[in-house]
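The structure under discussion appears below in the form of structure tokens.
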Amino acid sequence: MASYSQFLTKAQEDELRSIANAIVTPGKGILAADESTGSMDKRLNSIGLENTEENRRKYRQLLFTAGADLNKYISGVIMFHETFYQKTDDGKPFTALLQEQGIIPGIKVDKGVVPMAGTIGEGTTQGLDDLNARCAQYKKDGAQFAKWRCVHKISSTTPSVTALKEIASNLGSRYASICQQNGLVPIVEPEILPDGEHCLARGQKITETVLSYVYHALNEHHVFLEGTLLKPNMVTSGQSFTGEKPSNADIGLATVTALQRGVPSAVPGVVFLSGGQSEEDATLNLNAINQVSGKKPWALTFSYGRALQASCLAKWAGKDENIAAAQEVLLHRAQVNSLASVGKYTGDASADAAASQSLFVANHSY
């Protein structure tokens, strides 16, 4: 049945619903390969490689050619603008390469977070001015979904009501609506940074508050929820919290409770960001989330960047002779997160120190 909105035809709604459901196919998740040029500078410098366009292309090619098993675990890939238009060594566009593997191409459409006037250290996301034209072109060039990241911080004064309203409106009234009108499934990402001294309970409460503002805005602007996905943080304590560290089960329960209180059942799926957790913690916590009993009407899976790529990048080290070994590492991380997305991960006895290393970056930006 079509929605009450007159902004989309039934055919448009059907296409959006189909794409969203395909992305959250059971046992599959998203590879977030949408790091900006600046973020890639940090990644490549960590292995002693210069941050050139060619090195960025070679690294993304390594990821996207990991082998026939990649599409068993990965349903979609989010790309940065540069990556979206790059090609393999033999001239095949990355978008075509992914489509041939049955993997859905996606695109990061925000242009980063900038300071928000009238707030204490909070930010808003830029990129709305030409978004309609860019979405139309990306759809024409093969994209089927998009991502827009907004950021909240937890402190004694934040998030402010000003930021809550601005970010919700940013995500709902313009970004999501524009994407849907151009045939792109909008992934809504209201990230709450893990920075801070807050306990798990405060992290849960702030997550619930953020979600309530976001979905109020989405509904107010007639966004077709069945054709959207949510990319939230998991509920954790702050990185500087000095109390007892919450268990995986604690994190799972707090996260699911926040979702139950704030995310409509019409939303097909929740694709979690890893938020600077170690690769292994991101997998264990995703598994714990899926093992929580009770009502969970959405698919609960992953949209990981660093938590899928960190060990892979280290193994590659910029050397051609390491490509195959690095791809094996990527496939392994994808496989264990596939298991976690259906609550069947039992731990990784082979996990090395790299997989357990925290990937937290203070005030992280993409």
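Any Cβ shown, glycine's included, is placed from N, Cα and C.
Some features that Swiss-Prot has for this protein:
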ACT_SITE  E189  active site, proton acceptor
ACT_SITE  K231  active site, schiff-base intermediate with dihydroxyacetone-P
BINDING   R56, K147  substrate binding site
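Annotation for E189 (active site, proton acceptor): same-chain Cβ neighbours under 8 Å, separated by at least 6 residues, are K147, W148, R149, C150, L171, L230, K231, P232, L273. Of the binding-site residues R56, K147, K147 has the largest number of other Cβ atoms within 10 Å of its own Cβ. All chains included, 22 other C-beta atoms sit within 10 angstroms of the C-beta of the residue listed as 'active site, schiff-base intermediate with dihydroxyacetone-P'.
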